[in-house]
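Note sheet for the following structure.
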Amino acid sequence: MAIANFSDFVDVKFYRQSNPDLANLSNAQLLNHFNTVGIEQKRIFSPFIDLKFYQQNNPGLAGLSDRQLLEHLVNTGINEGKSFSPYLDLNYYRQKNPDLAGLTNKQLWEHFNKIGFTEGRESSPIPYNISSGFGLVNAAAATAAATGQNPFSEVANLGGNNWALDAIKVPETWSKGYTGQGIVVAVIDTGVDYQHSDLDGNIWVNPKEIPSNKKDDDGNDYIDDIRGWDFVNDDNDPMDLEGHGTHVAGTIAAENNGFGVTGVAPNTKIMPIRVLDASGNGSILDVAAGIRYAADNGAKVINLSLGGDINTPAEASAIKYAAEKGAIVVSAAGNQSQQQPGFPARYATHFGIAVGAVNRNNQMATFSDLAGKLPLDYLNAPGVNIYSTFLNNSYRSLSGTSMASPHIAGVVALVLSANPNLTPVQLERIVTTTANSSIVQPRTQVSNNFLTNFSQVANTNVDNLTGEQIDNITGDFITENVPVNENIAMVDTGLNLLSQGELDSVTPHQEFIPSLTIDYLGNSSQVMMDDIWSHGISTDINQNWMQIIEPTELFR
């Protein structure tokens, strides 16, 4: 999961473009720069602040230049304005929460920033657990409830790489003829490899658009958007260059064609929407625009395997907009081992579904953000070592709440294919009230960060490492001695460490996101800091070194 924005006011890509002298800074360096000097160094506003809108709604500011308006905002904050931005509908918020009707705009803004969209949610009749929410999703029970049928009979497990489908009772749903037919699921991510042989038959095609005529035939403001949209490059080619979105899409709707993998809803159509680049970076505005595009163009389910700790009106407003258009948003909870989900999953207090991850033993994954004390529509699905489609017609096993979320999105597609008339609120209630609330086991308790010392690398074995040692491929605990120059994986609070060979570089590798600091003990002047914006690290070791890994606020 990943979002590369620092706050409501700073968009990384926009910030670099507007400040050429900062263009070559890494994300970590740019974040450090911003934290050091603040927004004052930004010569042009980020797209989060609509100058024209702000001045129109605050006539006393109409004559200010951009620079003067920036100084005004720095000094007073956007809270003082009579209207904030088009992204937060204050009147709607007051209407839905009558006890807040008497608050001023400033008080309401402070309230929103503090707790988010939390009021106005109908409570569920089943128990809510602060760790696992409403429990493990049950596709068969949800579909039966949506169609007024008796519980579906058990069928034989598929086994093998399909263990996750067995765990959430997908085969039982298929046996009744419900496979996601007629439903479009938007994958808002790094794009989708729409040429993959296990996905190419299930890619949504815009029926109102004539390909390659360079015209906006359907009048939706996107020219030749025949198979979705790329908001990173602002073009009509949402091809995945990173792999994450393709993996997500396969979990939802890989074809049931006798090879590779089969998705939860194998007859569902995938709408590819690219909002994250080849490094996993993206803009919250692009995510919000992607949500609105999906809702406007027929997606009934929207999967967001991305997020962060940033509470933004732009994203919240887009999710509300999708719900009003009849689409349900399913969001990964996050991989930081926190006591509550990140955003946008935390908006499930009001809209959509938040998703945590369990392993094949129905135990909460150590990395998964939990449901939290404040009740929200939080469900669990398999998210550890999930085998799915990847780039270049390949397949790969990945772990994360990013992998759990598409299981829920697929289940929602199954339920909708059985009863397409359900509203988002009805869907959320059905899947939460039919979930298995008692099967999910607590996660193993581990610390929030860890310190690994390699003092004698040649003689270091897995048994000398602190934390849980888990095989990266099988997911099993490692008990035997394995030399460090062999491939190993260490998982602690959702972080994955793969060590092998010589220490030459640090490169992103698909698993989990840490911040990485390496301090060479032999030469204290050699210090390298890097912020990994993908899912983990792959590194080689040939000398004494110390590594400290702490979770960042960004995840994917």
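We count from 1, first residue shown onward.
Using the three backbone atoms N, Cα and C, a Cβ is placed for every residue, glycine included.
Here's what TrEMBL has on this protein:
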| type | residues | note |
| --- | --- | --- |
| ACT_SITE | Asp189 | active site, charge relay system |
| ACT_SITE | His244 | active site, charge relay system |
| ACT_SITE | Ser402 | active site, charge relay system |
| DOMAIN | 180-444 | domain 'Peptidase S8/S53' |
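The active-site residues in question are Asp189, His244, and the one with the fewest Cβ neighbours inside 10 Å is His244. Mean pLDDT of the predicted structure over the domain 'Peptidase S8/S53' (180-444): 95. Spacing of His244 (active site, charge relay system) relative to Asp189 (active site, charge relay system) is 7 Å (Cα to Cα, whole number). In this view, Ser402 (active site, charge relay system) is surrounded by 34 other Cβ atoms within 10 Å of its Cβ, with every protein chain counted. Between the alpha carbons (Cα) of Asp189 (active site, charge relay system) and Ser402 (active site, charge relay system) lies a span of roughly 10 Å.
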